[in-house]
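Asker: Annotations for this protein, taken from TrEMBL, read as follows:
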{"type": "BINDING", "residues": "B:Cys82, B:Cys85, B:Cys122, B:Cys125", "note": "Zn(2+) binding site"}
Protein chains: 2
Amino acid sequence: MSKINLTIQRKAILEVIQQSHDHPTAADIMERLREEGRSFAYGTIYNSLRYLTDAGMIRELKLGETASRYDARTDEHQHIVCKSCGRVEEVLTELPAEWVSRVAEETKFKVLHADVVLEGMCESCASQ
Amino acid sequence: MSKINLTIQRKAILEVIQQSHDHPTAADIMERLREEGRSFAYGTIYNSLRYLTDAGMIRELKLGETASRYDARTDEHQHIVCKSCGRVEEVLTELPAEWVSRVAEETKFKVLHADVVLEGMCESCASQ
DNA sequence: TACAGATTTATACTTAGTCTAAATCAAAAT
DNA sequence: ATTTTGATTTAGACTAAGTATAAATCTGTA
């Protein structure tokens, strides 16, 4: 029954993520807030990111880098990373359900969820 | 032309990984070596893991946990993690090439590689 | 207005890993 | 057999990302 409690800090952090299209890290978010003149305590950033993630308002992305990134798109989708410039983009083409069910058969797991990180070269890097 | 230089330390670390079937972390490997009475400097473990990874003798797995794991299987395959007990298993069912090429079309990336981490419940956890 | 619970803040701490400089080792050159 | 050279190991300092804690502050209800 817990209703959502969007404090000023949480709202500000959510807005930064919604306005960013590069999947910012916690450090990126802190920096952008500081630039806008509204900086919060270090721990508040992490607390809020967890709160927003748990509330389903953002998604935490673990793409194999050292820091987590955050994404305002919460619908089912995957990500692709450019090895050359580091750019992260959304992948909306859906993973075939048929493949997932074959994995379930192979492993005898009940599969809840699949996270795919593709690596490659983006168009602008490739053209150089 | 650099030939492979397997020092005593590197060989010991490689052996631990080859004999483990749970995808150990650096800390796990250190512990297992200590149990066998052959413990090396902290930094040597990390150095050697990087060396063996670069030499293609092991694979580093980033499964979204805090620490990397290491796998003696270097052939193309994916992983599935049990949310309940943490067990990590291999997934040999191949990702459809057709899906990957549709992603390449969608994103205009040249795709080099796809890493899938599935999450679910393993057979023994599910039966409880 | 006062209290209770939740949130923020500042700061200490933890974990996983990198960096550095000195010591050691191993193989080639003398 | 000894020296030199380059690679590796070691110990320990350092870094990055995130967690934990306790005091201060805020918010909303009695």
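All residue numbers here begin at 1 and follow the chain in the order shown.
Note that Cβ sites are derived from N, Cα and C of the backbone, with glycine treated the same way.
These numbers come from a predicted model, not from an experiment.
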Asker: Using Cβ atoms only, which of the binding-site residues B:Cys82, B:Cys85, B:Cys122, B:Cys125 are under 8 Å from chain A?
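Answerer: Correct list, in sequence order: B:Cys82, B:Cys122.
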Asker: If H, G and I count as helix, E and B as strand, and all else as coil, what does DSSP give for B:Cys82 (Zn(2+) binding site)?
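Answerer: SS state of B:Cys82 (Zn(2+) binding site) = strand.
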Asker: Taking every protein chain shown into account, which of the binding-site residues B:Cys82, B:Cys85, B:Cys125 has the largest tally of Cβ atoms within 10 Å of its Cβ?
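Answerer: That would be B:Cys82, with the most Cβ atoms nearby.
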Asker: According to DSSP, folded down to helix, strand and coil, what is B:Cys122 (Zn(2+) binding site)?
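Answerer: Once the DSSP labels are grouped into three classes, B:Cys122 (Zn(2+) binding site) ends up as coil.
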Asker: State the count of C-beta atoms found within 10 angstroms of the C-beta of B:Cys122 (Zn(2+) binding site), not counting that atom itself.
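Answerer: B:Cys122 (Zn(2+) binding site) is surrounded by 21 other Cβ atoms within 10 Å.
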